[in-house]
Amino acid sequence: MTKFVFVTGGVVSSIGKGIVAASLGRLLKSRNYTVSILKLDPYINVDPGTMSPYQHGEVFVTDDGAETDLDLGHYERFTDTNMSKLNNVTTGAIYQAVIHKERRGDYQGSTVQVIPHVTQEIKERIRRVARETNPDVVLVEVGGTVGDIESLPFLEAIRQFRKDVGRANVAYVHVTLVPLIKAAGEMKTKPTQHSVKELRSIGIQPDVLVCRCEQPLPRGIKEKISEFCDVPVECVIQAQDAPSIYDVPLVLEQEGLAQRVLEILNLDPQQPDLREWELLVQRLHHPQEQVEIAIVGKYVRLTDAYLSVAEALRHAGLALNAGVTLRWISSEEIEERGPEALLSGVDGVVVPGGFGNRGIEGKVASICYVRERGIPFLGLCLGMQCAVIDWGCHIAQLERANSYEFDPDTPHPVISLLPEQKDVEDLGGTLRLGLYPCRIMPNTLAAKLYGEAIIYERHRHRYEFNNAYRSLFLDSGYVISGVSPDNRLVEIIELPSHPFFIATQFHPEFRSRPNRPHPLFLGLIEAALRSRPQPRPLQLQKMG
C-alpha cells in the first residue's frame with residue numbers, strides 16, 4: 001500500500017518546506033523507493049497562471065500543460081521525476097470542483113460545507129495521486145503556515161487522512177524555525193513550541209520536526225524541543241542553513257530524516273546510494289572555471305520569477321566543472337542606461353520569457369548588443385520574439401517591426417497571435433501549454449546541440465513568429481532550425497554567422513536536471529567558456 005508523508009510549516013512563510021519535501025523525495029528515491037510529490041496551495045486562484053511573478057515567482061509548466069507552483073520545479077529536479085497537473089492543487093481548484101458537483105446535483109440536496117465536502121475533495125486529490133502514479137510514497141507539502149485561516153481546510157483534511165488510511169501509513173513532518181538571537185547569543189525554541197501547539201490544537205501531532213537554524217542545534221536544545229513538543233529527540237532534525245539547495249539532501253541524510261520517516265511508516269530503511277548527488281555537490285563547490293551570465297528580464301526584482309532559468313544555467317556549469325555567476329539586469333534599466341553600461345564584461349546573455357510591453361525595448365537593445373559583439377546568447381520564449389523584432393528592425397529594415405502583442409498598429413507584425421488564440425477571451429489556462437514535438441533542421445546549431453531529429457519541449461505562449469515574414473528572414477541570413485512537425489510554427493531560430501546565437505519559442509529550462517543539463521544551456525555555458533582567454537574543447541552532452 002502507498003504510504004503518505006505530510007509536510008507542514010510553522011513560524012514564518014518561505015521556511016523551506018518545498019526544499020525539505022524535494023530533499024526527502026531524493027533520499028527516498030536513493031533507497032529505491034518510488035515517490036510522487038503533491039503541493040497543496042491555499043490561495044483561491046485556480047492555478048498561478050495569471051498571478052504576478054512578483055507575488056508568486058515562476059509559473060512552472062509540466063508536460064501535460066499544467067501551470068503550477070515553482071516548488072514542482074524543485075520536485076522534478078531533485079527526484080528526476082516528471083510531475084503533472086495531479087501534483088498541484090489549489091483552494092480555487094477545490095472549490096471550483098465542489099461547486100461544479102453541487103450544480104450538477106452530486107450532493108443530492110445536502111448543505112455543502114467545508115466539512116465534509118471540501119475536505120473530502122482535498123482527500124480525493126491526494127488519493128488520486130496515489131492511484132494514478134502508484135508510488136511507494138506520496139509526499140504532500142501543505143502551503144502556507146500553520147495558523148493561517150486559508151490553510152485550515154487542508155490541515156483538517158490531512159488530520160482525517162491518518163484515520164482513513166491507518167496510523168502506520170501516514171507520517172507528519174513539521175518544518176519550523178529555531179531563531180538565533182545574536183545579541184544574546186541564544187537559540188530560542190519558543191517559536192517552535194508555539195507552532196507545534198497550534199498544530200496539535202488542530203488535531204495533528206507531528207512525528208518529525210525539521211528545525212531551520214543558523215547554527216548547529218546543541219543537544220540540550222534538541223532535548224528541550226523534544227520534551228515540550230512530545231517528539232522523540234532523534235526525530236528533532238537539524239536543518240542548518242546550507243551553502244546551496246543541493247546541499248540540503250545531504251544535510252538531512254546526515255541528520256537521519258529519511259531513516260526516521262521510514263521507521264514511522266514501517267518501511268525498510270535501506271542504505272542510500274547518493275554517490276551521484278555527492279559528486280554534483282562537490283563539483284558545485286569546487287569549480288575549475290568561472291563564467292558570468294547576464295539574465296536580462298522584466299521581473300528581476302524577484303529572482304524566483306526566473307528560478308528554472310537560473311537552475312538550468314547552474315546545471316550546465318556543473319557538467320562542465322564551471323561555476324556560474326548570475327548578473328541580474330532589469331530590461332527597463334537598460335532602456336535608461338544602455339546595454340554597454342550593464343552588459344559589459346559578461347560571458348553570455350539569457351533573455352527569458354515574460355508578458356506585456358514593459359521593458360521590451362531594453363530586451364531588444366540587449367539582443368542587438370550581443371548580436372553585434374559576438375557574445376553568446378540564448379533567448380527563451382519572449383526572448384526569441386525580441387530577437388525576431390531586433391532582426392526585423394535592424395537587419396531586414398522593416399520600419400516599426402514589432403509584435404502584435406506590443407503594438408497592434410505596427411505595419412510589420414513579425415510576431416503575431418496564434419490562429420487558435422484569436423477568439424480566446426479568458427486569460428487563465430488558455431495559452432499554448434505543455435509538451436509539443438519540434439522537428440530539428442539538419443546541419444544547424446540546434447542539430448549539433450540536441451543530436452536528434454525530433455525533440456519535445458514545454459511551451460507557454462500565445463504569440464508566434466509570423467510566417468508571412470519567413471522567406472524575408474531566411475533571405476537576410478536568419479536560420480530557422482526548429483519547426484513544428486507540420487511546419488506551421490517556428491520554434492527555434494539561430495544566426496550561423498555568430499559564435500553562439502540561438503533562441504526558442506519554448507521553455508527548455510523546465511526540462512533541465514542537475515544530473516542531465518539541458519543541451520541548450522550546456523551549449524551556452526560551453527560557448528561562454530570558449531569565449532574566455534583560455535578556450536576549452538566542446539564537451540556537449542545529450543539529454544537523457
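Cβ from N, Cα, C; glycine included.
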Just to be sure I read the record right: S14, I15, G16, K17, G18, I19 are listed as binding ATP in Swiss-Prot. Which of D69, D71, D80, D106 is listed for the same site? D71
Return the residue out of E335, E336, E340, E405 that Swiss-Prot annotates for the same L-glutamine site as Y54, G354, L382, G383, M384, Q385, R462. E405
Let me check the 10 A CB neighbour count of T189 (UTP binding site). How many other CB atoms are there? 21
Going by DSSP, give the three-state secondary structure for H507 (active site). coil
Which one, from the recorded positions E405, E509, has the smallest tally of other C-beta atoms lying within 10 Å of its C-beta? E405
Please state whether DSSP places E141 (Mg(2+) binding site) in a helix, a strand or coil. strand
When pLDDT is averaged across the domain 'Glutamine amidotransferase type-1' (292-534), the result is 94
In sequence order, which same-chain residues at least six apart have a C-beta under 8 angstroms from H507 (active site)? V61, S308, G353, L380, C381, E457, R458, H459, R460
